[in-house]
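Undergrad: This is the structure I have questions about; it appears just below.
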Amino acid sequence: MTAYIQRSQCISTSLLVVLTTLVSCQIPRDRLSNIGVIVDEGKSLKIAGSHESRYIVLSLVPGVDFENGCGTAQVIQYKSLLNRLLIPLRDALDLQEALITVTNDTTQNAGAPQSRFFGAVIGTIALGVATSAQITAGIALAEAREAKRDIALIKESMTKTHKSIELLQNAVGEQILALKTLQDFVNDEIKPAISELGCETAALRLGIKLTQHYSELLTAFGSNFGTIGEKSLTLQALSSLYSANITEIMTTIKTGQSNIYDVIYTEQIKGTVIDVDLERYMVTLSVKIPILSEVPGVLIHKASSISYNIDGEEWYVTVPSHILSRASFLGGADITDCVESRLTYICPRDPAQLIPDSQQKCILGDTTRCPVTKVVDSLIPKFAFVNGGVVANCIASTCTCGTGRRPISQDRSKGVVFLTHDNCGLIGVNGVELYANRRGHDATWGVQNLTVGPAIAIRPIDISLNLADATNFLQDSKAELEKARKILSEVGRWYNSRETVITIIVVMVVILVVIIVIIIVLYRLRRSMLMGNPDDRIPRDTYTLEPKIRHMYTNGGFDAMAEKR
């Protein structure tokens with residue numbers, strides 16, 4: 001059965017390695033480097049979705065029950081130092097407790113002593129709106145309420161025992177570690193010294209040790225005692241202070257050794273002071289240990305860009321700061337809330353983000369879809385470290401090689417130049433001198449005819465990419481529109497032409513002018529005729545439409561006729 005389990009683990013590990021290799025190979029890092037895009041090998045992804053709770057009860061004053069009050073004065077002085085350290089912390093906890101309304105309290109026996117401890121289930125915040133800090137603090141208090149009885153019992157037992165370490169597991173499986181500081185020193189050195197060296201000498205040794213312990217206490221828990229918020233625990237200081245292996249707290253964590261390493265490396269073990277007991281000089285800390293779950297087959301790559309040259313112009317490719325690659329997915333990664341260890345990214349949720357299709361194809365090696373912007377200033381990076389060497393744009397920069405500062409001439413058919421320790425030991429870029437790694441190899445992937453996408457603005461990237469696609473579409477449709485316009489102009493009739501319209505307008509204007517001239521001539525002719533016959537006399541032989549009878553009346557025609565009769 002054991003062999004079968006080991007074989008299954010080996011097979012799963014091999015599949016994971018193969019899958020990780022395939023995911024890493026889908027990004028052509030060599031081709032992208034030719035246009036100044038630098039992509040690292042990537043790190044795995046782990047999700048910290050939940051945590052385990054631990055509690056540490058610190059007894060800061062050792063149990064001293066010497067005869068004749070030996071060492072009492074030194075202990076009193078030591079307590080005064082602790083008061084100056086712990087009283088402000090206790091007052092802050094009291095203020096925090098006052099902001100939380102108790103909605104569900106437990107009943108206790110009337111005769112039982114009321115021990116001072118935070119015990120409340122979160123209800124409403126006194127001022128109405130709960131901030132995230134208040135909610136976090138309230139959750140810590142509510143969780144501490146569940147362990148109240150167990151912690152109270154171990155605090156009571158610590159006052160009655162002379163052991164330096166007590167370990168208790170409560171009903172829900174949460175460990176409570178009790179550290180009684182300096183108790184071993186008192187038991188092993190101070191008590192024997194009283195009988196050998198006398199009370200005064202032993203008391204002096206105790207005072208020196210207490211002062212030293214106070215300094216070590218500030219070193220180990222200074223960040224935790226200085227605030228009521230969450231702070232990372234200093235594991236090394238805690239281990240050396242109490243002569244114990246602090247990793248014992250994590251013995252029941254259901255996780256692997258690599259996860260424990262990542263948690264320690266990123267300082268994700270947080271401690272919060274939840275109780276200060278000035279009567280017993282005990283401090284209780286709530287410790288949160290995150291539980292990590294690795295997402296198989298996922299790598300997060302860190303990406304960056306430097307400028308490169310093509311056709312005598314300097315360009316810059318815009319890429320996401322982090323790229324998440326999965327078997328069938330390639331996108332961006334928002335690591336704002338993530339922490340980075342040496343091998344992994346630890347995130348509270350899946351950081352995957354969608355990126356435009358053109359940017360995906362660019363990262364996969366199709367440089368014709370890469371969104372670029374033209375460099376107009378010197379703020380764009382000109383060099384970067386890759387594969388133990390340096391990749392630089394030596395056309396837009398002044399590059400030198402070796403201790404003799406030999407100038408580097410970059411081929412204009414190449415976008416960038418790759419420099420390593422083999423071909424250039426001391427590398428200089430714009431006056432900055434760099435030593436390449438001796439283990440770096442010469443990154444020569446050959447000269448490629450590079451073609452990139454349309455120029456865009458860097459901010460915002462998504463909008464610019466959409467505008468770039470729209471620009472390509474408009475450029476393609478412009479030629480088709482020109483062809484359609486020519487066809488329409490050829491198919492149209494004669495009166496649709498521009499020359500015909502102009503001719504018609506000119507003819508109409510000429511006709512209008514002629515009509516006006518004719519009217520003026522007729523008007524002047526009639527006026528001249530009226531001026532030539534002022535008496536309005538008309539000759540007899542002149543043809544007129546007026547009746548002849550009128551002339552008969554006017555010329556005496558009727559009178560002559562009457563005489564004849």
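Quick reminder: no glycine exception, Cβ is built from N, Cα and C everywhere.
Small disclaimer: the values here were computed from a predicted structure and weren't measured.
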Undergrad: Pick from Cys399, Cys401: which cysteine does Swiss-Prot list as forming a disulfide with Cys424?
TA: Cys401
Undergrad: Do you know which of 117-141, 517-541 Swiss-Prot annotates as region 'Fusion peptide'?
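TA: In Swiss-Prot, the region 'Fusion peptide' feature sits at 117-141.
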Undergrad: Check each of the ranges 26-54, 142-170 against Swiss-Prot and return the one annotated as coiled coil.
TA: 142-170
Undergrad: Measuring Cα to Cα, tell me the gap between Cys401 (disulfide bond) and Cys394 (disulfide bond) in whole angstrom.
TA: 11
Undergrad: Name the one residue among Cys338, Cys394, Cys399 whose Cα is closest in three-dimensional space to that of Cys362 (disulfide bond); these are the disulfide-bonded residues.
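TA: Nearest listed residue in space: Cys394.
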Undergrad: Restricting to the same chain and to sequence separations of six or more, state which residues have a Cβ under 8 Å from that of Cys394 (disulfide bond).
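TA: Same-chain residues close to Cys394 (disulfide bond) (Cβ under 8 Å, separated by 6 or more) are Ile408, Ser409, Gln410, Val416, Val417, Val429.
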Undergrad: Sort out the sequence-distant neighbours of Cys399 (disulfide bond) for me: same chain, 6+ apart, CB within less than 8 Å of its CB, listed by position.
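TA: The answer is Ala392, Pro407, Ile408, Gln410, Val417, Leu419, Ile427, Gly428, Val429.
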Undergrad: Tell me the Cβ neighbour count for Cys370 (disulfide bond), meaning other Cβ atoms within 10 Å of its Cβ, over all protein chains shown.
TA: 25
